[in-house]
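Participant: Reproduced below are the annotations present in TrEMBL:
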type	residues	note
REGION	1-26	region 'Disordered'
TRANSMEM	75-97	transmembrane segment
DOMAIN	113-586	domain 'Glycoside hydrolase family 9'
ACT_SITE	H516	active site
ACT_SITE	D564	active site
ACT_SITE	E573	active site
Amino acid sequence: MSMFGRDPWGGPLEINAADSATDDDRSRNLQEYDRAALSSRQLDETQQSWLLGPTEQKKKKKYVDLGCIIVSRKIFVWTVGTVAAAAVLAGFIILIVKTVPRHHHPPPPPDNYTLALHKALMFFNAQRSGKLPKHNNVSWRGNSCLNDGKSDSSTIFKDLKGGYYDAGDAIKFHFPGSFAITMLSWSVIEYSAKYDAAGELNHVKDIIKWGADYFLKTFNSSADSIDRVVAQVGVGDTSGGSTTPNDHYCWMRPEDIDYPRPVTECHSCSDLAAEMAAALAAASIVFKDSKAYSQKLVHGARTLFKFSREQRGRYSAGGSEAAIFYNSTMYWDEFIWGAAWLYYATGNTSYLQLATTPGLAKHAGAFWTSPDYGVLSWDNKLTGSQVLLSRLRLFLSPGYPYEEILRTFHNQTGIVMCSYLPVFTSFNRTKGGLIQLNHGRPQPLQYVVNAAFLAALYSDYLEAADTPGWYCGPNFYSTDVLRGFAKTQIDYILGKNPQKMSYLVGFGDRYPRHVHHRGASIPKNKIKYNCKGGWKWRDSKKPNPNTIVGAMVAGPDRHDGFHDVRTNYNYTEPTIAGNAGLVAALVALSDKPLGIDKNTIFSAVPPLFPTPPPPPAPWKP
């Protein structure tokens, strides 16, 4: 065997020295061999580049190998050029877009309910008493009645400045005033996200705090037990032809009041104290994030409620002046109302036990029907209490021992909601569609707005509980029907009525111009008009020089008629209790994709059932 290896092509690797062929001949023979090989099998471009000369290689470069495919060089160059040109064009367009000023599309305009909400809240700024904050935003108002309490030597409460004037006068009635704060607080607890979306959350909380701070001055809020509470500041009785200067006989701007303002104390006033307790308890939930302030409100609410239970009596009994303007018919409904709010504020089940006592419900009229059954007002809170406690059953369902009365309240709430619908005849309606909850008596709108709020709120309760509606007898009605009722009533107030008039001042093109309101009817012209000197502005036929934006007037009569006359308060006087219900209804109906806040009201309520034990440890072999 030869010591040399073999060529893979079959020949020895050594060069035969005896071969007579010269190097040139061998080179020529090799070229001939390579050309023959190329003619017999196809080679790729790399192999061809090894074998072909420069000239022949250039002739063959018509394609481009991209690895996975081979494309024509012309197509490749055209494609790359097109892509590069497109990139340059795109970059140029982006540069233009970046450098040219943008025109942002404005957000959609607010719905009518939100627009009206902004205005309705402004009314409370116009009603403030005391030293006004810089941000009050009512140009024709100023500091007023800074000596409330000091000017009456018979009272122990010397600092009673602040709070809100009740209506078009300068009296501070604490019974309807505390109801207004309760209603505003309830609306914030349920719809804080809607208030926030409307940009009004801080504003409404400021309104509530102004009222709550004042009520803390009307009793010894640092004590655990009290024996008196202030019922009102100022008087307005003009019966018997009295000409003594007071808040009704005189027509003066609050800033110009110089006559004495008596303070009325009450030593037996369950209804008033329980309503004030409800207001402070509800406000404590609104301000739950301010722990110290919230606890101060809760302490005051506890003290007031204890007083209301121990010193039984109506605040307007005994021929008091309050009976003329805001007479209270009973205090049992305030017991349920105040106890329910204190339970939510504290989580103490003793309040829930009281609120669900059948005897209390019986005394409040829960088991018998009256012409005013189902009407929420500053005087009767039974319907509001039933809705408030139905919420507990819908979302927490505490069961025994509360279930029986909670189920009753829940069923009665459904009946009340049925009575609001046009297909039922519990309440008459005007030809224009306004429900007559006060049976044709004057000043109807304050009752209508409360019903609209309860209807919209209960509709949201049902939706949050995944319940599509409720039964009225054998007939099932969807939540949309209930919300529709609330909308028709508020739309009537905002202008969809036979008069084509908005009963909310400042909303729409046509609204009352002669509002029964002292501050709005007297110009701020640096002239101080005395008690009788302002009568010329009261009796003037001219529109008010100051527009009291957001005031909901008393409303039309049962025939949809309305007289825009300053001296007729049954048509043109606004109240803070009425406006509070309007604000609550407007925020409930405002067109935001946000429902109720299911949990905040329960933040102080402990778990109603024992915490389940932890799961067992994983099994190990």
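Glycine too: its Cβ is placed from the backbone N, Cα and C atoms.
Just so you know, TrEMBL annotations are computer predictions that nobody has curated.
So that I understand the layout, could you describe where these features sit and how close they are to other parts?
Facilitator: Around H516 (active site), the same-chain residues at least 6 positions away in sequence with a Cβ under 8 Å from its Cβ are A167, G168, V553, R566, T567, N568, Y569, T572, E573, P574.
Sequence-distant neighbours of D564 (active site) (same chain, 6+ apart, CB under 8 A from its CB) are P512, R513, H514, Y571, T572.
Every protein chain considered, the tally of other Cβ atoms within 10 Å of the Cβ of E573 (active site) stands at 21.
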Participant: Take the domain 'Glycoside hydrolase family 9' (113-586) and average the pLDDT across it for me.
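Facilitator: Its mean pLDDT is 96.
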